[in-house]
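Structure first, commentary second.
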Amino acid sequence: MAELEGLEFGKSDFVLLDEVTMEQFMENLKLRFEKGRIYTYIGEVVVSVNPYRQMDIYGKDTIDAYRGRELYENPPHLYAVSDAAYKAMKRRAKDTCIVISGESGAGKTEASKYIMQYIAAITNPSQRAEVESVKNVLLKSNCVLEAFGNAKTNRNDNSSRFGKYMDINFNFNGDPTGGHINNYLLEKSRVVQQQGGERNFHSFYQLLRGGSDEMLNSLHLQNDPAFYTYTKEGAAATTSNNDRSSHKAVMSALEVIGFSTEEISSIFKILASILLLGNMQFECDGENVQILGVEAVSHISELTATDPDSVSKSLLYRTVATGGGEVIEKGHTEQDACFGRDAFAKALYDRLFGWIVSRINSIIEVKDYNPVLHGKNTVIGVLDIYGFEIFDNNSFEQFCINYCNEKLQQLFIELILQQEQNEYQREGVTWQHIDYFNNQIIVDLVEQQHKGIISILDEACLTVGKVTDTVCLDSMDTKLAQHPHYTSRKLCPTDKSMDFKKHFRIRHYAGDVTYSVEGFLDKNKDLLFQDFKRLMYNSANPVLKEMWPDGQLSITEVTKRPLTAATMFKNSIVALVDKLGCKEPYYVRCIKPNEMKSPVLFDDARCQHQVAYLGLLENVMVRRAGFAYRQPYARFLQRYKMTCEYTWPNHLMATDREAVEAIVTQHGFQDDVAYGHTKLFVRTPRSLFTLEQERAALIPILVLFLQKVWRGALARMRCRRMRAIYAIMGCYKRYKVKAHFWEVERRFANVRTMGDYGKSVEWPMAPAALSQFHNITVMLHRRWWARQIVKNIPPSDMLEVRAKVAALTTLSGERKDWGFSRAWERDYLANVRDCPQTSTGFVRASKELKNKDEYSQVLFSGFCRKVNRFNKSTDRGLLITDKYVYKLEPKKQYKVLKRLPLDSFIGLSVTTGVDQMVALHTSSQDDVLLCLQQGELCHNQDRVGELVGSLVDHFTRIRKVQFPVKVCRSALQLHMRGKLKSVTVETKPGQNQADFKKSRDGFVLLVPAN
């Protein structure tokens, strides 16, 4: 019983009706249709009324609401029965099928689409690529099959003109792995003739109206369906389908499914050939028949990749083998030529459609399936087959279609009504017997051996001589005169609705249908001259050749007479019914509310007729008189034993039936169940729903318990494993540490005797645990190595070494050359080699200054070019001692021009270039700017590094203070008498020696070009 719907929408399950009468049934059906509720249950059968409009009840939210839910937890919907079929297949590993039935225009094709969409949406949650590919092909195949197998009729804009049964294969996870499509009795006569107001198959109009100009030109077609004989009837017919957009969708679907470009091209070439065949005309000039217009023959031969002469010959002649093996050519009459042309066109389309179905099957079939590796392969079948048809002129096709519906109705009766009653009797459950109409008598009328209509038709087709449709009708009247469901004008002369020698009537379960016998024998024979088969088999197009394997037989080869169309159709329907009979069925019964395709009109008489012939009222009666749910005791116990303390985890009672009784008694359902010999029968779904709710509440608790036990086992296993791992890791780490120590000891064993004290020895890679120890060890070795090097330096050179280290640390590699590779003299003014002419005078002057100022050490001395705040630059002597900085006049016996305490200097600035400019910064912001000059020792000597190193070493080592040094990449900044000055360096061609020049914001040091 469906829940969650108010009474204003009527009863959502016909089983809940107060009285089971046709009046109440129709009243409830109409109310729900008017309220927009197009689905109603009869137990597990879904009754669907075509709304003739788009409804917002098929989105993702709706799918999520029905996913995994019980049938009765949500309002009636196609998704509910789809989910029920899927769950039955997945839970019980049982093949299921969904049978969609109803007359043409009742919405069967749309229902099958929504079922497929739902199954695709709820499967493959992990988004595996191969499963998604299968789902896409299954969904896209609908688009292709509709284009080539559906057409507009007076009852339905998208009527299926073939029967389709699709098996979807699932793996043990419940994901689709493939499928298979069976097609039944394509209405190929529609290719050459349609009733007034109807169209040919969609594919022709989609090609003509949706194909590009380039495509149509290559196919020798025009974009007007009215131009072609086979499509002009439906050219002006209005339809809800857009042929142009549908053509694009079909092209896209063919590519997604996996058709190659050559195969797609071949499909449209065959369609074009059929259209050109339809326009082919014949004329008789005395004895011979000729084709009007040779151009059409050349176009057809080009499209079919055959010889033009062979095409003409096949259309105008028939090759016949005589009894003696002689082959003769028999020319056609104009009537025979037209018959052969139309038969050829129908056969071309029929073979094309069959090839498309088989090609799709080859792509979606389950490949490399191994039950041992992949588990049980289960199936959900979806049957969408033509509905019961009654037209103004009912021919052979309607006879076969209505026979098919009789067989399906018989299956429904057997599985839903008769099977249900038989089960109650077999299980010994008392219930009220329901009378129902069994249509087996009608099925026998059509298919019974030697007596049925199909046998009479076959006998007429096999009879030698001229047997006409009228002769066949006389034979039927003779043999079936006593049958209660058969009549004709001859048997009932007073019935003027039928014509003599033309009509017969069958009283079907869905109503009386009058058939016109004209064309029955020809359509049953399905005659096609062998010349056409050989022509297509010899085509250079491999696709066409594949469609006509029977064309390889020579004309002289004797072949077995092929089965007639009616017998082949009967055999395929019997096989279909057998296939459905071995699956657990779910039914969707479709009802057409009116003939006007109106979303608001509900034709009571029309709908009541459908309800009657679909047997829905009898279905309700059986459901109300019987039990909604039945299950073997063992299976019921397995599913619900956790809801009872006496049965969980295992019962100790004598039989499973007693355990089931304990479950039922504990929940208080004694009055709502019956006990059969092997099964429990539950009358109302509400009881089952209560059990399902309790089970759903207990399952998480049980799962948590099992998870706890299993996680504990896993944790213990993991703990033991981790202990073993850590033991192994500990041993291995100790080994790695020892191995590292051994390797270090081996490599550095002889470093004391090495010339470089082991500087060139490569350290081994240390384990991660020893990374800090490794860094400390490397540092210790470096210090030891440095100590060994320093020990060998004479004490007299230590001052120079310290100064160079200070310069290296301070300049940090920013200055390109700072004189580290030469010996530092420091006191260049006293050096005879550097200043041979003035060194003697400077030595005398420096002694006087030393005695006077009592300094103990000369840090640096040398010539320089100095600039003052008045922008005047002169050559001066620079003497830096450990107490003062002196500015000397070399030309006046090194007279002291200025004496500055060394304490007043707070830092210096140099540039990154090779120039010798130095700015000495003072605490009074009266800085000294000078450029060191080279003496005679070397003209390109860099003395800036020596000056920097001597000062920095003195300040940091002797005075214990920092002496900042700034290395400027661009302009050098300093202050003169508190004013900020900027000094840049420029290279000037022709400049002999470095000199300062005034600039806008300071000075420019001009240096020689080389």
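Cβ atoms are placed via backbone N, Cα and C, with glycine included.
The feature domain 'Myosin motor' is assigned by TrEMBL to 9-696. The ATP binding site feature in TrEMBL is assigned to G102, E103, S104, G105, A106, G107, K108, T109. According to TrEMBL, the region 'Actin-binding' annotation covers 573-595. The feature domain 'TH1' is assigned by TrEMBL to 813-1009.
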For the ATP site (G102, E103, S104, G105, A106, G107, K108, T109), what does the 8 A shell look like? I mean other same-chain residues with CB within 8 A of the CB centroid.
N50, N156, G387, C590, K592
Same-chain residues at least 6 apart in sequence with Cβ under 8 Å of the Cβ of S104 (ATP binding site), in sequence order, are T153, R155, N156, S159, Y386, G387, F388, E389, K592
Structural state census, the region 'Actin-binding' (573-595) (DSSP three-state)
9 helix, 8 strand, 6 coil
Please list, in sequence order, the residues in the chain of G105 (ATP binding site) that are at least six apart in sequence and whose C-beta is under 8 Å away from its C-beta.
N50, T153, R155, N156, S159, G387, K592, K597
Packing count at A106 (ATP binding site) (other Cβ atoms within 10 Å of its Cβ):
26
Integer average pLDDT (0 to 100) for the domain 'Myosin motor' (9-696):
85
